[in-house]
Number of protein chains: 4
Amino acid sequence: MFKECSLNDLSKMDISETEIKNDKLHEECGVFGIYSPSGGEVSKDVYYGLIALQHRGQEACGIAVSDTSGEKGNLKLKKDMGLVSEVFHKEDFSNLKGNIGVGHVRYSTTGGSVVENAQPIAMNYIKGSLALVHNGNIVNANELKEKQMYRGLAHYTTTDSEVLAYEIIGDRVNSGSIEEAIKKSASKLKGGFAVVVMSPRKLVGIRDPFGIKPLVLGVKNNFVDGKGEQGSLFDNEKFDKHNTYILASESSAIRAVGGKVIRDIKPGEIISITSKGITSDYDLCQEKKAHCIFEYIYFARNDSVMDGIAIHTAREMAGRALARKSKVDADIVVGVPESGIPAAMGYSKEANIPYVQAFYKNSYIGRSFIKPTDEERRDAVHMKLSVLEDEVKDKNIVIIDDSIVRGTTMKQLIIMLKQAGAKAVHVRISSPPFLYPCYYGTDVPTSKQLIASKHSNEDVRKNIGADSLEYLSIEDFKYMVGDLQICKACFNNDYPV
Amino acid sequence: MFKECSLNDLSKMDISETEIKNDKLHEECGVFGIYSPSGGEVSKDVYYGLIALQHRGQEACGIAVSDTSGEKGNLKLKKDMGLVSEVFHKEDFSNLKGNIGVGHVRYSTTGGSVVENAQPIAMNYIKGSLALVHNGNIVNANELKEKQMYRGLAHYTTTDSEVLAYEIIGDRVNSGSIEEAIKKSASKLKGGFAVVVMSPRKLVGIRDPFGIKPLVLGVKNNFVDGKGEQGSLFDNEKFDKHNTYILASESSAIRAVGGKVIRDIKPGEIISITSKGITSDYDLCQEKKAHCIFEYIYFARNDSVMDGIAIHTAREMAGRALARKSKVDADIVVGVPESGIPAAMGYSKEANIPYVQAFYKNSYIGRSFIKPTDEERRDAVHMKLSVLEDEVKDKNIVIIDDSIVRGTTMKQLIIMLKQAGAKAVHVRISSPPFLYPCYYGTDVPTSKQLIASKHSNEDVRKNIGADSLEYLSIEDFKYMVGDLQICKACFNNDYPV
Amino acid sequence: MFKECSLNDLSKMDISETEIKNDKLHEECGVFGIYSPSGGEVSKDVYYGLIALQHRGQEACGIAVSDTSGEKGNLKLKKDMGLVSEVFHKEDFSNLKGNIGVGHVRYSTTGGSVVENAQPIAMNYIKGSLALVHNGNIVNANELKEKQMYRGLAHYTTTDSEVLAYEIIGDRVNSGSIEEAIKKSASKLKGGFAVVVMSPRKLVGIRDPFGIKPLVLGVKNNFVDGKGEQGSLFDNEKFDKHNTYILASESSAIRAVGGKVIRDIKPGEIISITSKGITSDYDLCQEKKAHCIFEYIYFARNDSVMDGIAIHTAREMAGRALARKSKVDADIVVGVPESGIPAAMGYSKEANIPYVQAFYKNSYIGRSFIKPTDEERRDAVHMKLSVLEDEVKDKNIVIIDDSIVRGTTMKQLIIMLKQAGAKAVHVRISSPPFLYPCYYGTDVPTSKQLIASKHSNEDVRKNIGADSLEYLSIEDFKYMVGDLQICKACFNNDYPV
Amino acid sequence: MFKECSLNDLSKMDISETEIKNDKLHEECGVFGIYSPSGGEVSKDVYYGLIALQHRGQEACGIAVSDTSGEKGNLKLKKDMGLVSEVFHKEDFSNLKGNIGVGHVRYSTTGGSVVENAQPIAMNYIKGSLALVHNGNIVNANELKEKQMYRGLAHYTTTDSEVLAYEIIGDRVNSGSIEEAIKKSASKLKGGFAVVVMSPRKLVGIRDPFGIKPLVLGVKNNFVDGKGEQGSLFDNEKFDKHNTYILASESSAIRAVGGKVIRDIKPGEIISITSKGITSDYDLCQEKKAHCIFEYIYFARNDSVMDGIAIHTAREMAGRALARKSKVDADIVVGVPESGIPAAMGYSKEANIPYVQAFYKNSYIGRSFIKPTDEERRDAVHMKLSVLEDEVKDKNIVIIDDSIVRGTTMKQLIIMLKQAGAKAVHVRISSPPFLYPCYYGTDVPTSKQLIASKHSNEDVRKNIGADSLEYLSIEDFKYMVGDLQICKACFNNDYPV
């Protein structure tokens, strides 16, 4: 059992940067695809689109572009470990010429953190070059991979994305079109996935039938009205080949490159963008959906709209629900920057307790931490966040965060607040306790590291030193996402696949 | 005269990253000095202290350390162009061994942006090695430099900091101590300056007699009480050579390395930290002070306390004063991230209009912009900030920023808000119109570029497309800083020196 | 027709570094494989082995290592563009742990000069990881590749080496052993090739049946006698698993890592090194051989012994044959550094004319040339080589080089000699005129660029400004290589395959 | 006493790259200055000039250029650790615009191996910018430095070059011209030096009165005759401001950039090149000269001519003298590449014993050595040089090198030759035993490391395993350099200063 936390623990509470990072769940990817049928250069839009999706993966990134008017197989590729702004430099773009392109940002677990596993996966196959970007996790990848190996295939990477690419290429030999090959391959897949495939003359997107992973369609350029309304563009309605069409993990990436959001890709939809128009195949669609609730809780950008729900509204509503369910008599509400702030504002409004910006976040902290040796551990939380003392002194405080994984960061923040003179610190979490692993592409610590999966609520409260600790209930998700069908397996062990 | 801004201007409104950067005033430096008389390594504390001061200068940085028990002249130095986390790597610290050190972050105008001009200025002189870090501007540096040259000196850099270093070294030949030499040199200086000098066995700080530039004393290590109270430590009171003493531009840098703030250095004070104790010389102190008001408006970190005033409180008070003076009937208050948010919260509370987080800021934008060519200008504001549409649609909005320099960013933000459906956008600026140049170390655009210095308030309003535009009045500074004597020359042309 | 060269041409004779480089034929690769059955680390031996083979390819390089006692598929790989000493750094070796490894240096034509095409080709296949290095050219690679594509395979690279790897992997599914798969694949190949394959537990080498490309077996470590004699080690004779066995393109690479040369691999031999012993399969061997004569003329290191012939002896014998056939009454013999010197020494001895070191070669020239713009062409020959004036003044000179490709370098050298006061310059080339393309892995300029293929001997002589010009005859190859069966297709259009 | 060397020592004889490097004496610098009075760009000529002088220093390098038609003080500088081709890249030259420039290559002892100590020393002084490059050593630098410090000066570097720069600048305040200031400063100097100073409108060279260090004048461009004759150009004779004038450490650097050598600068001469003409001051010249003999033995390029003596001829003559004095009955003569080869050729001719190229030198070895750890020492000699076995087998060999410092390399080469079957190895050194330190700019190991200073000739012979060992006698220097007055203090303890 945990011992209770006290102020004397400060000196032992040094937390490394890695521990801060590991105290959050991690999305595994962001995808971006773009096609300008009438020509022009798309690589810079891919670049800026990836910058806008950088929060979905910071380990590796890549861009592949091609020219649909050139010979089949003229693909240009660059990918490497690092942030988008670290990997790509001005001079790279003179080598990345083309009017069709895909890009990817990647987060991965330690083992597979090598450049070979970066995406796009790009190969030459029977029909020319193919580049594929993938967000999600194929649960049955190993079965498919083994079958591929018995056919004499070999794998350069250890990713399920390469397995998927080979499956599509293998099916392409006997298919009339790339869309048919993708459908055939997709029908064999289990798991959550949002994929964009660039073939010599087409940009094809697919989303898993449950809609676990997001994918959005957008358009850029010759749109006339400036009002930002979302259009439909099902099956060539209003298609204009002088426009540039975009598929991206989040709506904010489309807007960041000056584009307009059209609509979400439907779960199970295969959408094909060619110079002739946009067409969709819905054969894989099904009744049951299971949109990942963690996109709404934490992953997605606060300014994105996903499957019809504005992310920041969902988060504010979670805060309001939390206030109704777990009100506390406090002087101020504070949020843990940045992810806890929207819910904190909702809590503040619903509970009618003033919201106060009690933490300062150093935006230059980036990758600045020197790897600590045994002798010199660094108080990374302290470097990243500091407390505005006179805002919290002698106050009863409600602190809101979106989730607790290991609890190390929250423990440190409570010590900092109490050292600054806070009378009481009540913790409210705008999601339920995280208890079960995710099989669909979210990097989850082992359950041993999930503080809530091993300890009672009271034990956790004591360990982090909070005066009270309450969570959003699973039932309250309805206030966040209405009647959207969601996957909440990590909270209730009910897996859709 | 400006033409009125309309929504149709969007396509012409592309603003480069440089323009965004140039639409803010710039501080020219941050300084950090540290001394552990009883030994140990200080270079990592300098590193983390500079990370905490990075907002004061992003162009170049440097660290010099020395070992006070070694021979005189054993100084180790590294400095280069770039952010602190870009310049320093793990392996550098094995070369930066020592128990006394100084560090510097630098912002500079384009002309002098070369590595030679980075600080610390480090030289070997008659008494061993000397390293100097400097925030501010010596108005009469050229006069001093010419005299130095006639004595046969030569300059490696084009900085006034090197002139100051030579002046101190020259005076040192005929002085009994480094403190006397510094006093003699300082008495010749005009301008604003906060300087930390590392000589072979001492860390000496000095602040200009007007107190234009800030400097704070702190302590780390063996302090017993955990309450964070500020002590005094004038002339050896409570000095303990097993502690580590720090001089830094801002209190937050002391806290970021795990230290405790003791007090501000007095304007004109020369403080000397040796293994024997801490002593101060107040001979250069004078009645009149002139603390830079822009530290409170924009430069300093929101979590710093400077000359007794908590920065974030000053900013919130400015927002409250603005609300009393320039109230408007609106639905929501929004702040421009990050610098406009404290004042916006103050405005919201005073005016009793809800504060709304209407902008999303991409924290990965960093140095990501590819230099635009003539054909491909990038909408940098758009990449960095996006609007949460449903928060602003059909709303009357008060938008708060801390200052307007060129007006380009605000113009773009108003277009974005109106495109998202805002009914009206009222601009409130938590400082007066910026009209005159600064001679004390703040980088000011030419008056041609200062939108308020050339145009009437009504013209500016029309140009940026605001429904109304009002500023904080000079008189209202009293709400920010009480009776602290401030320099407000950039607003009223009344220069202290 | 060429105009005659005169001294006035100097100012127009600026030759770029690329032109110097292109004035030589290029080998396309060097391979190195090593296996220490009893454990230990081999990556540094691969590194130093590649340094020793660097002359065979300077564009890209790579190392793959594995641990035969670990799980199958634990391969570590690094490859990149650049010289071996540029690509590999100390820290890389902590990631390259293993007791079996292969390495490669690559030269390639401009088109395929991308990192993806660097070797080793490394993949995971049905039996674990496989890494392959290849020197040579598979003439029928495109046919094999197309068949592979119709089976649903895709290619990451545009190399014939990847095609070969896939062929082996495909054959492995239905084979009892990797050796059988390699034999089956090799029997389908046309062209010249020396290949080393690293499979999870074995190091397998194969040489094309004509022996066009070289491959040598060596041993390191526990050999007792220090006399450097070559052993046999056919089929486990004297095998000791505590030794380390090596396969390399040249004997000098084996000696450079402290090893001892055992024997050349036989043309068509498949040699398999396992922890149990060394065995060979000779089923693909045949009567007819066709060893590449250019290895003896220029490619191989002067200190290598290849198929029983010491390279430097072959070159000296070529010089002697040239002296007998094309004697000239001269004062001194000079060689073009480095490749022309052995033949020049042979010529000198046979003709009894003193050998003089008339050129100084700047060994720091490396990659130092700044790419010339139109205005500023650089005289690259002049930078690289200079003439010792008083050695050549008023002399009748015989200058020896190993070959003439475009003639640009020789033209420049003759101008330099004549400017230094040479009375006459007689050119002797220790190979016949190069007239036909090579299909087996040597990079040959288009015949348009081959000066000898388009112009008469007299025209070439005039163009380069020589007083006489003569070549080694094809018949004289017997003096170089005795009765070794050689491929001389580039001289006489008689292709073995 | 040393134990006798045997073949069994091989395994213990691993020699690191550093040891090879330390087994040679090191020159400390090369200088290059250039001025084109009529305009144009000189930085690339400085670059290629430094490439040609790279053998004189490989640790650091730098280039400073200025525009004599611009304002005084417009100097551009780049310097860093590394080879010339590593430090400078194409893009640097767009920042290095100017028609006057100086450059430097530096070798230094470990202690001062930091970027600050790289040259040119560049500063702004009373007359504008000054850049100085220096080859040599100022014996009384510390005295001068101390006086400077008492005048209030401070030093950024630990070089005597900076002391000299300050001395000139200090004297310039009270001098009518830079030439007068240089003369005044030079008259205070003790030691060996060749210096080029770039002041705002002049390029001034000076050579120490003994002529210890070399300096040569050259011209480029509009010279009419193509015969390479050396002109005089004393005091404006034939001056043409449309030419470009060069001062360089060696004649070969002038020729490498397409220039023509005019003459050596006289010992004690101060030569000034301006837009008006070339003038010299000979007031510091004196009767006694003391040219460094090691330039002829080892330092200078083989193709240079220095003070009237062709380097390669001097070396061949040393070999011939050695053959006369120390003849041995042998089958072949071999030289240690590269420095031993000219003397070996001379020995061969005089002794009428055939010269054989018995070693192969890997030209890619460069900086390729991975720093050895305790467990894994590398046989660096073995990697760099290999023996052509059939050239040496059963032969009695004379091996020639230019000098022996520690003896480690020669010991290893003898082992290699004997392992290859040599019957006897007789060592002949084309310089006398090196016994005393150098105070004029040559890096000399401590006498403890000088094998000849601590041990008898017979002990050294046994230690390196030679069958006989003989040196050139001091008297025989006359065959190398005729009646040129030389400094041979390192051999006979007779110091000129």
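Each residue, glycine too, has its Cβ placed from N, Cα and C.
From the candidate list C:Cys285, C:Cys292, the residue TrEMBL records in the [4Fe-4S] cluster site shared with C:Cys438, C:Cys487, C:Cys490 is C:Cys292. Checking the candidates C:Ser339, C:Ser456, C:Ser468 against TrEMBL: the one annotated together with C:Asp401, C:Asp402 at the Mg(2+) site is C:Ser339. In the structure as shown, the Cβ atom of C:Cys29 (active site, nucleophile) sits within 10 Å of 28 other Cβ atoms. Using a 10 Å Cβ-Cβ cutoff, C:Cys292 ([4Fe-4S] cluster binding site) registers 28 neighbours. Of all Cβ atoms in the protein chains displayed, 27 besides its own lie within 10 Å of the Cβ of C:Asp402 (Mg(2+) binding site). Ranking the binding-site residues C:Asp401, C:Cys438, C:Cys487 by other CB atoms within 10 A of the CB puts C:Cys438 at the bottom. One way to see the shell of the [4Fe-4S] cluster site is to take the Cβ centroid of C:Cys292, C:Cys438, C:Cys487, C:Cys490; the remaining same-chain residues with a Cβ within 8 Å of it are C:Ile212, C:Ile293, C:Phe294, C:Tyr440, C:Thr442, C:Lys488, C:Ala489. C:Cys29 (active site, nucleophile) and C:Ser339 (Mg(2+) binding site) have their C-alpha atoms 18 Å apart, to the nearest angstrom. In the structure as shown, the Cβ atom of C:Cys490 ([4Fe-4S] cluster binding site) sits within 10 Å of 26 other Cβ atoms. Regional average pLDDT for the domain 'Glutamine amidotransferase type-2' (C:29-276) in the model is 90. Of the chain residues outside the Mg(2+) site list C:Ser339, C:Asp401, C:Asp402, C:Ile297, C:Tyr298, C:Gly335, C:Val336, C:Gly340, C:Ala343, C:Ile400, C:Ser403, C:Ile429, C:Ser430 have their Cβ within 8 Å of the site's Cβ mean position. In this structure, C:Cys292 ([4Fe-4S] cluster binding site) is part of a beta strand by DSSP.
In the structure as shown, the Cβ atom of C:Ser339 (Mg(2+) binding site) sits within 10 Å of 20 other Cβ atoms. When the binding-site residues C:Ser339, C:Asp401, C:Asp402 are ranked by how far their Cα is from the Cα of C:Cys438 ([4Fe-4S] cluster binding site), C:Asp402 comes first. Between the CA atoms of C:Cys487 ([4Fe-4S] cluster binding site) and C:Asp402 (Mg(2+) binding site) there is a gap of 17 Å, rounded to the nearest whole number.
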